[in-house]
There are 2 protein chains.
Amino acid sequence: MDERAALALLDRELEPVGDDAAVVDDLVVTTDMLHERTDFPPGTTRYTAGWRAVGASLSDVAAMGAEATAAVAAYAAPEFDPEELLAFVRGASDVCERVGAEYVGGDLDGHEEFTVATTAFGWTDEPLLRSGAQPGDRVCVTGTLGRSAAALTLFERAGEDETPAEEADRALEQANELFRFVPRIEAGLALASRATAAMDSSDGLARSLHQLAEASDCGFAIDSEAIPIDDAVRDVCSKPERALERATTFGEDFELVATVPADAIDDVRAATDVSVTSIGSVVDRRDGITIDGDDLEDRGYTHG
Amino acid sequence: MDERAALALLDRELEPVGDDAAVVDDLVVTTDMLHERTDFPPGTTRYTAGWRAVGASLSDVAAMGAEATAAVAAYAAPEFDPEELLAFVRGASDVCERVGAEYVGGDLDGHEEFTVATTAFGWTDEPLLRSGAQPGDRVCVTGTLGRSAAALTLFERAGEDETPAEEADRALEQANELFRFVPRIEAGLALASRATAAMDSSDGLARSLHQLAEASDCGFAIDSEAIPIDDAVRDVCSKPERALERATTFGEDFELVATVPADAIDDVRAATDVSVTSIGSVVDRRDGITIDGDDLEDRGYTHG
């Protein structure tokens with residue numbers, strides 16, 4: 001059974017189902033585990049790892065339209081190098097500070113592979129769910145897509161023998177910077193009372209749309225030209241189609257994908273500094289999920 | 001740097017320091033990572049693993065004198081066997097239910113080694129800390145000590161070639177039962193307004209006393225005969241001294257160790273169904289930490 005099938009099984013067993021985080025009373029809680037082999041390419045600094053791991057959980061809090069309160073992390077590694085550990089903690093603390101949350105520490109564990117489990121908390125009295133999208137709503141995404149895809153290419157390039165040392169250093173620095181996304185707490189709060197449905201784009205835009213469609217029983221008509229493709233992914237892809245494909249399916253960008261009634265979009269934009277781009281509209285379920293009129297496949301990143 | 005040194009380093013970097021859980025406003029939060037090689041001996045069922053992993057975090061909530069609200073877990077394994085996964089979730093849900101908390105799910109991750117990261121949270125407006133013990137207070141422990149030490153012996157016995165199959169089955173069943181401890185939430189609430197300091201005994205009684213002594217700047221005089229040694233560890237140890245040593249240093253029992261003013265002990269006992277045993281008294285720091293008048297070494301389980 002792969003991870004998606006296993007998650008579906010758990011959804012049937014457990015309440016609440018499907019959303020980016022669980023809600024207990026007004027407390028939003030979410031947990032994630034990341035590890036070296038699949039989540040932190042060679043060249044990822046521990047500072048970036050701390051930022052990104054905790055950021056991934058904060059992104060789930062953002063997707064619920066909640067305020068971020070705090071986060072914890074369990075850090076597992078073969079050995080505890082003081083500098084690495086402190087860099088990790090600084091990254092974790094900094095991403096929390098960036099969104100007004102508090103990093104309150106965690107646990108250490110000896111483990112063969114560098115592994116991080118993070119949990120973030122937030123508050124909302126009206127959680128934003130994946131269900132609720134209505135035909136006629138606009139589909140919006142925050143920020144830009146493709147940053148993590150670009151970062152991965154840069155990490156790979158830096159690791160190649162033929163890359164000159166100076167270029168490799170620059171690539172690593174840029175890749176680390178791209179990896180340190182800002183969790184969309186502020187945008188999530190702007191969407192909270194106005195969007196009809198939302199989730200984060202951690203599995204890629206295509207997969208997110210399929211998940212929203214299933215939860216909301218709707219379809220989507222997406223306009224590829226409207227998708228906010230990050231410059232970084234355009235830079236690393238030789239062809240524009242490739243950049244679009246990476247931005248649409250690679251995922252790991254931790255932007256928000258939300259459905260918003262057309263007359264509420266201006267209010268959302270006024271309430272956040274982050275760009276909110278309309279990329280298409282919600283349609284009837286029987287009209288499917290399309291991009292420029294063609295079927296948009298349910299293809300993306302299955303987290304390992 | 002070993003885990004204790006790394007934790008000490010983190011303590012200096014992060015607030016709040018040292019206690020079993022962090023407190024943000026009135027929210028108590030704690031996270032732990034456990035994995036197969038060091039925490040789940042061969043023969044541990046996934047039901048037991050789910051119970052125990054989530055229970056370990058709930059125990060930290062108990063040590064803060066807090067009500068338990070909810071828990072999440074990230075489950076990582078080389079493959080997702082549906083039966084194992086459901087058994088794990090049932091164990092996690094059952095231990096939550098046992099203490100009035102809600103299990104609200106978590107994350108799945110592909111990983112070479114079976115690894116679980118759990119986070120529990122609870123509420124208290126007056127957290128019970130490790131600091132606060134006063135000379136003259138009694139030292140109390142909840143329940144009995146040595147259950148996990150006994151379980152480990154039984155798991156080992158079950159795995160030996162010369163053990164007859166029927167006996168191995170019985171040993172495994174008993175070991176799993178011993179491993180499924182009840183987090184001391186109820187006792188923690190009974191202690192909350194009455195104890196001067198508390199922590200859980202996950203690293204063993206000896207180490208817990210050293211940690212309480214450091215946080216409270218006090219010493220302890222322990223009476224070995226008063227220590228509530230579990231029958232199970234007496235059964236598996238040939239000599240009584242060995243049972244005492246296992247009960248005192250093995251740890252992983254997740255009982256509470258608390259200091260209580262002598263005149264408050266009856267009230268604590270009246271407020272919980274769990275046994276609360278007085279095993280000695282708080283003394284001045286310069287009188288050290290002794291058992292029957294001899295130094296009690298800071299020896300115990302360092303979690304891998």
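Glycine is no exception: its Cβ is also placed from the backbone N, Cα and C atoms.
What TrEMBL says about a protein is an automatic prediction, not a curated fact.
Mean pLDDT of the predicted structure over the domain 'PurM-like N-terminal' (A:18-123): 93. If you look up TrEMBL, you'll see A:18-123 marked as domain 'PurM-like N-terminal'.
Marked as Mg(2+) 4 binding site by TrEMBL: A:Asp20, A:Thr30, A:Asp60. Sequence-distant neighbours of A:Thr30 (Mg(2+) 4 binding site) (same chain, six or more apart, CB under 8 Å from its CB) are A:Asp20, A:Ala21, A:Ala22, A:Ser57, A:Asp60, A:Val61, A:Thr119, A:Ala120, listed in sequence order.
According to TrEMBL, the feature Mg(2+) 3 binding site maps to A:Asp20, A:Asp60, A:Asp200. A C-beta separation below 8 Å, combined with a sequence spacing of at least six in one chain, links A:Asp200 (Mg(2+) 3 binding site) to A:Asp20, A:Ser59, A:Asp60, A:Ala62, A:Ala63, A:Arg184, A:Ser208, A:Phe254, A:Glu255, A:Leu256, A:Val257. In the three-state DSSP scheme, A:Asp200 (Mg(2+) 3 binding site) is classed as strand.
The DSSP secondary structure for A:Asp32 (Mg(2+) 1 binding site) is strand. Around the Cβ of A:Asp32 (Mg(2+) 1 binding site), the same chain contributes A:Ala53, A:Ala56, A:Ser57, A:Asp60, A:Ala117, A:Thr118, A:Thr119, each under 8 angstroms and 6 or more positions distant in sequence. The Mg(2+) 1 binding site feature in TrEMBL is assigned to A:Thr31, A:Asp32, A:Asp107.
Marked as Mg(2+) 2 binding site by TrEMBL: A:Asp32, A:Asp60.
The secondary structure of A:Asp39 (substrate binding site), as reduced to three states from DSSP, is helical. Look at TrEMBL and you will find A:Asp39, A:Glu252, A:Tyr301 tagged as substrate binding site.
Summarising the annotation, TrEMBL assigns ATP binding site to A:Gly106, A:Asp107, A:Arg130, A:Ser202. The Cβ neighbour count for A:Asp107 (Mg(2+) 1 binding site), using a 10 Å radius over every protein chain in view, is 25.
Sequence annotations record features per position, and here TrEMBL assigns domain 'PurM-like C-terminal' to A:134-288.
Residues annotated as Mg(2+) 5 binding site in TrEMBL: A:Asp203. Using a 10 Å radius centred on the Cβ of A:Asp203 (Mg(2+) 5 binding site) and all shown protein chains, the other Cβ atoms total 22.
Nearest Cα neighbour of A:Arg130 (ATP binding site) among the listed binding-site residues (A:Asp39, A:Asp107, A:Asp203): A:Asp203. Counting other CB atoms no more than 10 Å from each candidate's CB, the binding-site residues A:Asp20, A:Asp39, A:Asp60, A:Glu252 peak at A:Asp60. When the Cα of A:Asp203 (Mg(2+) 5 binding site) is compared against those of the binding-site residues A:Asp39, A:Gly106, A:Asp107, A:Glu252, the shortest separation belongs to A:Glu252. Closeness to chain B is evaluated for the binding-site residues A:Thr31, A:Asp32, A:Gly106, A:Asp107, A:Arg130 by Cβ distance, with values under 8 Å counted; counted residues in sequence order are A:Thr31, A:Asp32, A:Gly106, A:Asp107.
Annotation: no binding-site residues among A:Thr31, A:Gly106, A:Asp107 have CA atoms within 10 angstroms of the CA of A:Glu252 (substrate binding site). Apart from A:Asp20, A:Thr30, A:Asp60, the Mg(2+) 4 site neighbourhood in this chain, defined by C-beta within 8 angstroms of the site C-beta centre, holds A:Asp19, A:Ala21, A:Val28, A:Asp32, A:Ser57, A:Ser59, A:Val61, A:Ala63, A:Met64, A:Ala120, A:Asp200.
The binding-site residues A:Thr31, A:Asp39, A:Asp107 include none with a CA atom within 10 A of the CA of A:Ser202 (ATP binding site).
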